[in-house]
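Novice: The following block contains the structure, expressed as structure tokens.
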Number of protein chains: 6
Amino acid sequence: MKMMIPIIIFMISCLLFSFSSSQPSMFDFCVADHTLPFGPAGYSCKNPLMVNVNDFSSSGILNAPNTDNIYKAGLSTAFVDAIPGLNGLGISLARVDVQPGGVVPLHTHPDATEVITMLRGNLTVGFISSNNTVYVKSIGTGDVFVIPRGLLHFQVNSGINLSVELSAFSSSNPNTQIVDEALFKSNLATKIITATTFINPIEVLRLKLLFKGSG
Amino acid sequence: MKMMIPIIIFMISCLLFSFSSSQPSMFDFCVADHTLPFGPAGYSCKNPLMVNVNDFSSSGILNAPNTDNIYKAGLSTAFVDAIPGLNGLGISLARVDVQPGGVVPLHTHPDATEVITMLRGNLTVGFISSNNTVYVKSIGTGDVFVIPRGLLHFQVNSGINLSVELSAFSSSNPNTQIVDEALFKSNLATKIITATTFINPIEVLRLKLLFKGSG
Amino acid sequence: MKMMIPIIIFMISCLLFSFSSSQPSMFDFCVADHTLPFGPAGYSCKNPLMVNVNDFSSSGILNAPNTDNIYKAGLSTAFVDAIPGLNGLGISLARVDVQPGGVVPLHTHPDATEVITMLRGNLTVGFISSNNTVYVKSIGTGDVFVIPRGLLHFQVNSGINLSVELSAFSSSNPNTQIVDEALFKSNLATKIITATTFINPIEVLRLKLLFKGSG
Amino acid sequence: MKMMIPIIIFMISCLLFSFSSSQPSMFDFCVADHTLPFGPAGYSCKNPLMVNVNDFSSSGILNAPNTDNIYKAGLSTAFVDAIPGLNGLGISLARVDVQPGGVVPLHTHPDATEVITMLRGNLTVGFISSNNTVYVKSIGTGDVFVIPRGLLHFQVNSGINLSVELSAFSSSNPNTQIVDEALFKSNLATKIITATTFINPIEVLRLKLLFKGSG
Amino acid sequence: MKMMIPIIIFMISCLLFSFSSSQPSMFDFCVADHTLPFGPAGYSCKNPLMVNVNDFSSSGILNAPNTDNIYKAGLSTAFVDAIPGLNGLGISLARVDVQPGGVVPLHTHPDATEVITMLRGNLTVGFISSNNTVYVKSIGTGDVFVIPRGLLHFQVNSGINLSVELSAFSSSNPNTQIVDEALFKSNLATKIITATTFINPIEVLRLKLLFKGSG
Amino acid sequence: MKMMIPIIIFMISCLLFSFSSSQPSMFDFCVADHTLPFGPAGYSCKNPLMVNVNDFSSSGILNAPNTDNIYKAGLSTAFVDAIPGLNGLGISLARVDVQPGGVVPLHTHPDATEVITMLRGNLTVGFISSNNTVYVKSIGTGDVFVIPRGLLHFQVNSGINLSVELSAFSSSNPNTQIVDEALFKSNLATKIITATTFINPIEVLRLKLLFKGSG
């Protein structure tokens, strides 16, 4: 509890102060302190006296991510863990690369809208609404595309060049739920998968092998 | 615009009034008026003078829904369209029945948490988190189970009796996105499905036939 | 502070990771950890590695609650203290039983809407809006009734059978303020009660005796 | 729909504009237009071109309100109907006067916190939490007192001078539910009142007579 | 961690309880505990058992603040640090005095709307919208004026009497960003100030001297 | 009101429907309809039947904006007016170009956090907190920088190459308040500017001439 003491001292405030005195900027921002508890609204705030400009910055988001995987795709993120100053502000970024023939597989962000800007190359991008309407479009450099929060979506690079997009998310820590990984990389029982997706069990087993799932 | 006049008259207010005069209850509630525009926060409000107790009520949610479908499951809903008084209040209900051997197929509610209460029978219910951990449990009459918003989940009735659950949702109009229907009942191209789910095209075509999709 | 260490290790993240690596599901949910501080948005989150399926479940909500009290009514709850996985999700449940001749006395939920589903029996249920309009209705099995947040409401069982309802609340920890208990079970001075409710002091004293209040 | 045309023209925007061109201030504020529909988030916005400084102002809040009523109390309000510029901003004001021997009777604001500043005189002010703890205090000129949203509270002037308070509310249109008026000024049946409050029927009838209720 | 024990004991809850038992008022309010971590939604809550009526009150807001400064203005605040019971409730108060010839200099509240009530004297008050429209008005005793959140605004006392206002804010801890202090009391480099404000460097240096800035 | 009819028909819902029937996706998204009223939460929603994929897309954000102005800077936006599908989703984008020797002048976004990604070149970027601490940093290609909502900030290109950034905002319609334009391009009286900023009147007049203000 010793580390609390500077915070407490810092927090001492007084009812009366003049405009010309200095006041602490308690709630201009809430830089994440990963050593303290976190709650439904995000991480606890770092002592404001310990905050510096680097808490609001990161580098490397435009470095090409590793795409050496089954999807031929990869991402570099600037979420709250990389930039603690994003805590509580409801926004973050990622670069997503897709090699020719690669995909961002069918997935959702359970609590975030995504806005894609194509920086390079071409992609077929689409989302599906809950009444099974497909909104799909081929986009190229300089196009922007919005995927409303929570909906199933995907990207396919059917071109011959690497595609590079910058995605903005309406969450400082957007989770990604990839349908295939949820089903076939987890330990979900084949029997349940077959029952709840109607995919035949042989195909389920093939996909479990591919994604290294168990169950 | 004529129908606006009673609203306007109704809205006339004065700066000064005593406690003993009557004041309109403008924002105790906002009963949905489906003939007016709707926005991100819900439907426009019905003229409060036209609101009556039936705007806050519905019957029939405990009537057995039709389960004569591929899932052997069905639901009765009490969402904002059935109960206009739910508008803007962020909560609603549904009864879900699953016949023996039936399922509620893999799906998400893009912007709602679901809390299930088992009224009758048994179910295997589960959700999957975005790091592919499966949270699955067999529940029976009187058990409550929570599915955090946006996550993939399912129910399976592997028993020999009908199961009946009452689900509460943290939205007055919770959408449901069924993965199979999004993929196989829509017009999403087989090529895209195969690329983004790794399900082989023969299985995709079989499922499209089953769900009556095109594309 | 030692218990923090696994959390911190857990939280270490990196800017660059490929789709195929495993990522922690930080904010899919925030299961309440009652040993940590709580704030305006709810309890602190349990270390996600320690979360298991039982954090999202409870049993017994359909067990008949004790109704051996002045109201001839009782409730079983599934709030965040019983189901820590409800933390931050803004929803919870309770079963409410009312014996023939019993009541749920005049009360409010200061920050939650309630949606009642009648599971058995009949009730007269009503709420009053802030312009003193009464919305009252007799409901029976299968009826749903909405009580907008913060408003005075009540249930009366004037039938001959036990009534059983399942109530959903738009809060994971809905408080209940019973007007009679606030006035007559507390230590609020009779003089203040009489002055602010206009109930005559003899009646106040009778009610204080009944509710075992002081003051 | 003709009045929409200037709005539409106003709204025409272009993707590319330089810093030196003028842009409309669409969402700096949303001044209430009482002739348009209203929704869960408040009134529709007035055409920004028609907004002027008077939409953000009112006068007279410090005029003494009429206190010639049963409570010997009165209020002057500066809510969204008096100041349309408050729409959507979640804050408003009222002056409340209580004569010697007067009260602000037991009431709640179903969706607003109240912060009282005593401008003149003395009051006994209190609120009751949902576990029946009473928080009561005598306050005088210059004292500030907070009543958390939704809780039962009251003010009593047991002094010999007029008390004047300025109350701020965390809502642009805070409703007030007075318990006595909800029960005795409405048409709520005596039988229901007696059953749900345990006040004896003779006292109920006396109070109905006093508050001019029916039922 | 020892101080946590009473909280934990306090938090023990049970699924089944009757209406007549006492329940803790966990979330009626969340009184700030400055010794615990704080997060994006505010401070951690004090153990409810330790809360008393003084946590909801302060005195002295109507004491004249010190105005012996360059602005000839001063303020007394009733923010969350003075009244811990305001935590999480999104509202607070300040008294602002301006001597004849004094000003509240050009400033913003980055995340709060301000509603001014003139208690004494006269002021010219104004705000500027983001399309450079000026909303300015001379207000006197009893006038109310709203400044929508985040916008540049100011007060000028060009009269011959002290002006006294009571300001309500839609935040329990409203920060104030004074443009002159941000530029000339900080260590921001003259070169950057000149480049980003077009104020000539001689004037910048004069103002830095006045405000005691460096850089 | 004729255009409402398809909406109404569209909205007709029924209490009971089976999983296999088609349901409309009412609240997956709320595409802005600029011909309908707008409110505090955003624009009214377009009839979902009329929505198509182009409502979620725009092109040209990566086209170089015109920088032929006093700032030698310009921006291309993808806000809700360009992409109606962003309505209600709380996120948007802009490209910002700054020529060598150019600036993005001192400004705020009254209700939005900004996250900058440098696509090309170098910038000195900074924000100032409300206690007058300066957070300033030189950033180059691939760096990300966060400016918490409402705070004064600026960008300076002191290099020899064009800088290009992509900014994400936590609002679908982020307003920009440029301090110089608010003061010197508006009709704010010189006397008020001088009084509230302490800038000498000669400098104010020079800046008014530069920014073509009046007053």
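Here the Cβ of each residue, glycine as well, is placed from N, Cα and C on the backbone.
Where the annotation comes from TrEMBL, it is an automatic prediction and has not been curated.
Okay, so TrEMBL annotates it like this:
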- E:1-22: signal peptide (SIGNAL)
- E:CYS30-E:CYS45: disulfide bond (DISULFID)
- E:HIS107, E:HIS109, E:GLU114, E:HIS153: Mn(2+) binding site (BINDING)
- E:HIS109, E:GLU114: oxalate binding site (BINDING)
Novice: Could you name the residues, excluding E:HIS107, E:HIS109, E:GLU114, E:HIS153, of the same chain that surround the Mn(2+) site, i.e. Cβ within 8 Å of the Cβ centre of those residues, in sequence order?
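Specialist: Other same-chain residues with Cβ inside the cutoff are E:THR108, E:ALA112, E:PHE127, E:ILE147, E:LEU151, E:LEU152, E:THR176.
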Novice: Sequence gap of 6 or more, C-beta under 8 Å: which same-chain residues meet both conditions with respect to E:GLU114 (Mn(2+) binding site)?
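Specialist: Once residues fewer than 6 apart are set aside, E:GLU114 (Mn(2+) binding site) is near E:VAL146, E:ILE147, E:HIS153, E:SER167, E:ALA168, E:PHE169, E:PRO174.
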Novice: Could you state the CA-to-CA distance between E:HIS107 (Mn(2+) binding site) and E:CYS30 (disulfide bond) to the nearest Å?
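Specialist: Each residue's Cα considered, E:HIS107 (Mn(2+) binding site) and E:CYS30 (disulfide bond) end up 30 Å apart.
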Novice: Taking just the CA atoms, what is the gap between E:HIS109 (Mn(2+) binding site) and E:CYS30 (disulfide bond) in Å?
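Specialist: So the alpha carbons of E:HIS109 (Mn(2+) binding site) and E:CYS30 (disulfide bond) sit roughly 24 Å from each other.
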Novice: If we take E:CYS30, E:CYS45, E:HIS107, E:HIS109, E:HIS153 as the recorded positions, which have a Cβ under 8 Å from chain C?
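Specialist: Cβ contacts with chain C under 8 Å: E:CYS30, E:CYS45.
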Novice: For E:HIS107 (Mn(2+) binding site), just count the other CB atoms lying within 10 A of its CB, please.
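Specialist: I count 21 other Cβ atoms within 10 Å of it.
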Novice: Let me make sure I understand the structure: which of the disulfide-bonded residues listed (E:CYS30, E:CYS45) has the fewest other Cβ atoms within 10 A of its Cβ?
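Specialist: Result for the disulfide-bonded residues E:CYS30, E:CYS45: minimum number of other Cβ atoms within 10 Å at E:CYS45.
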Novice: Around the Cβ of E:HIS153 (Mn(2+) binding site), how many other Cβ atoms lie within 10 Å? Please give the count over every shown protein chain.
Specialist: 23
